[in-house]
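Single-structure report; data block below.
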Amino acid sequence: MLAELGACLLLAMVLLDSDPGTQAMEGVKCGGVLSAPSGNFSSPNFPSLYPYNTECSWLIVVAEGSSVLLTFHAFDLEYHDTCGFDFLEIYNGASGDKGNLLGRFCGQVPPPPFTSSWHVMSVVFHSDKHVASRGFSAGYQKDVCGGVLTGLSGVLSSPEYPNNYPNNVECHWLIRASGPAAVKLVFVDFQVEGSDECMYDYVAVLGAPGPAHGHHYCGRTRPPTFVSLGHELQVVFKSDFNIGGRGFKAHYFSGECQEVFTAVRGNFSSPQYPGAYPNNIRCHWTIRLPPGYRVKVFILDLGLEEPNSLTRTCDFDHLAAFDGASEEAQLLGKWCGHHLPPPVTSSRNQVLLLLHTDRSTSGRGFSVAYIGVVPMNVSCSRTDFQILISAQALAPLERTKVYLGSRSCAAQEVGSNFRIQARFDTCGTESQRRNNTSVIVSVLYIDFSTAGHDDIHEYEVRCEPRRKEASAHLLSGSDLLGPYAATAEHLQEAPPGDEAEVLEGPGTMVTQDTSDIVFLGLCILAGVLMIIAIVVLMLL
């Protein structure tokens, strides 16, 4: 108990050291550190008028591993449309870091209940030199089982996790996103007493689509990932009178901290960008494209906490990309600081980007753009190009939206593919010399434009006629890609293979025409046979 109290006081001293704490007019006492499991506080003189020129700061610190539930009993502050005069600010952590700000409030409408994503919360009250009102009264409590969760992200777990949970408990959590955004829930650990139909101890999630809604989960198998139909998910945990387990731990993501992108091109940024991102959050962005596509991700701006000065690794705030739909997929890259990394390309049609921030130090965050790499097969002979793209990969585009050089060289639909067969003297092709090699170059256009929005993807198609080798390169010719807009990024070349496999696999192909080799081999064989015939005739 003394150790916990000492830790709380030490944490309070550290957090208060970064903030002036209580700054009120002479003679007014307010603010301070609240470390009891629950309590109440109010503006000076409440319910009478609060004084002018007052600033009070309360730091609420409860036991590590718990959260703080803050509710308001009364609220009456001078109104202003931007709360620029008298106001109350609520922080998810220390008030010295603006990235922790949950909201600024004034007027007579009380703030909603807030639950912190960790065991620290700050409240700041400010009044100017004009107009005073009754002020506010608020209460807080250490929230160990259930509650309303409104942050961008956070953690919920069974009571006393990772120790065994107690018997005869029932917890209800309501995870609420701001506005119309969805809520995502991911279980990272799960051990609950198992039974047929999970009749004894169980976890249930309400607000998800389909049969997952209200389904009971128990045992050791982690429940699936849930995404709400609306802007709320409810989680229920219940245990009976005997037999327990380690319980569960889950991460939730809401609002601008979790999104799924399915368009073939897009961009997104960290919460509050280019303002300071919040501390102590964990955000998921999933890019999910049709099968066969790969995803190329460009970091356009990066302003995160610097790496560890000793190890030079991103141990604190960082952005990470995974080659798949979960954090268990292969890591494509992990970044922090301010140095812009090169683009990364997935090996499949899904990418997960994760932003993790710790409890201190924030920056402006990041801005990201991505583009889907269309799966295609490109080959050439000494005289022409051939391009094959699965029509299913481009659905619902019409063939006229795919063309080489100009719209007059549009693709033809052949079976289940879009096909372009073009001679080198047509379709905008031109001869160039690169690295002392003569190449034929043209541009393939794929038009994803919709009404009022231009979106044309460009690929440079290149052939070395002498070697009959062809390749395709994504041209980043859009303002969406910022500093990469003027560059041509060479996509990873996949090994040549069967045509059917090519259309289902990675997008950029290098193929070689072997017809000349076969022809030369036949000529040599014919020559050898002719010499043998002549020798036989001479011997006769």
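A Cβ is built for glycine as well, from the same backbone N, Cα and C atoms used for every other residue.
Features of the protein shown, as given by Swiss-Prot:
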| type | residues | note |
| --- | --- | --- |
| DISULFID | Cys30-Cys56 | disulfide bond |
| DISULFID | Cys83-Cys106 | disulfide bond |
| DISULFID | Cys145-Cys171 | disulfide bond |
| DISULFID | Cys198-Cys218 | disulfide bond |
| DISULFID | Cys257-Cys283 | disulfide bond |
| DISULFID | Cys314-Cys336 | disulfide bond |
| DOMAIN | 145-255 | domain 'CUB 2' |
| DOMAIN | 257-373 | domain 'CUB 3' |
| CARBOHYD | Asn40 | N-linked glycosylation site |
| CARBOHYD | Asn267 | N-linked glycosylation site |
| CARBOHYD | Asn377 | N-linked glycosylation site |
| CARBOHYD | Asn435 | N-linked glycosylation site |
| CARBOHYD | Asn436 | N-linked glycosylation site |
| SIGNAL | 1-24 | signal peptide |
| TOPO_DOM | 25-516 | topological domain 'Extracellular' |
| TRANSMEM | 517-537 | transmembrane segment |
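Positions of the features from Swiss-Prot, shown on the structure.
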residue	record	DSSP (3 states)
Cys56	disulfide bond	strand
Cys106	disulfide bond	coil
Cys218	disulfide bond	coil
Cys257	disulfide bond	helix
Asn267	N-linked glycosylation site	strand
Cys283	disulfide bond	strand
Cys336	disulfide bond	coil
Asn377	N-linked glycosylation site	strand
Asn435	N-linked glycosylation site	coil
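Of Asn40, Cys218, Asn377, Asn436, all annotated as recorded positions, the residue with the shortest Cα distance to Cys314 (disulfide bond) is Cys218. It is 33 Å from the Cα atom of Cys106 (disulfide bond) to that of Cys171 (disulfide bond).
In this view, Cys56 (disulfide bond) is surrounded by 24 other Cβ atoms within 10 Å of its Cβ, with every protein chain counted. For Cys30 (disulfide bond) paired with Cys283 (disulfide bond), the C-alpha to C-alpha distance reads 36 Å. The disulfide-bonded residues in question are Cys171, Cys257, Cys283, and the one with the fewest Cβ neighbours inside 10 Å is Cys171. Distances between the Cα of Cys198 (disulfide bond) and those of the recorded positions Cys56, Cys145, Cys257, Asn436 are shortest for Cys145. Of the candidate recorded positions, Cys56, Cys83, Cys218, Asn267, Cys336, the one lying closest to Cys171 (disulfide bond) when CA atoms are compared is Cys218. On the 0 to 100 pLDDT scale, the model's mean across the domain 'CUB 3' (257-373) is 94. Cα of Cys218 (disulfide bond) to Cα of Cys145 (disulfide bond): a span of 18 Å. Looking at Asn267 (N-linked glycosylation site) and Asn40 (N-linked glycosylation site), their Cα atoms lie 44 Å from each other. Taking each Cβ in turn and tallying the other Cβ atoms within 10 Å, the top scorer among the glycosylation sites Asn377, Asn435, Asn436 is Asn377. Taking only the Cα positions, the spacing between Cys145 (disulfide bond) and Asn377 (N-linked glycosylation site) is 56 angstrom.
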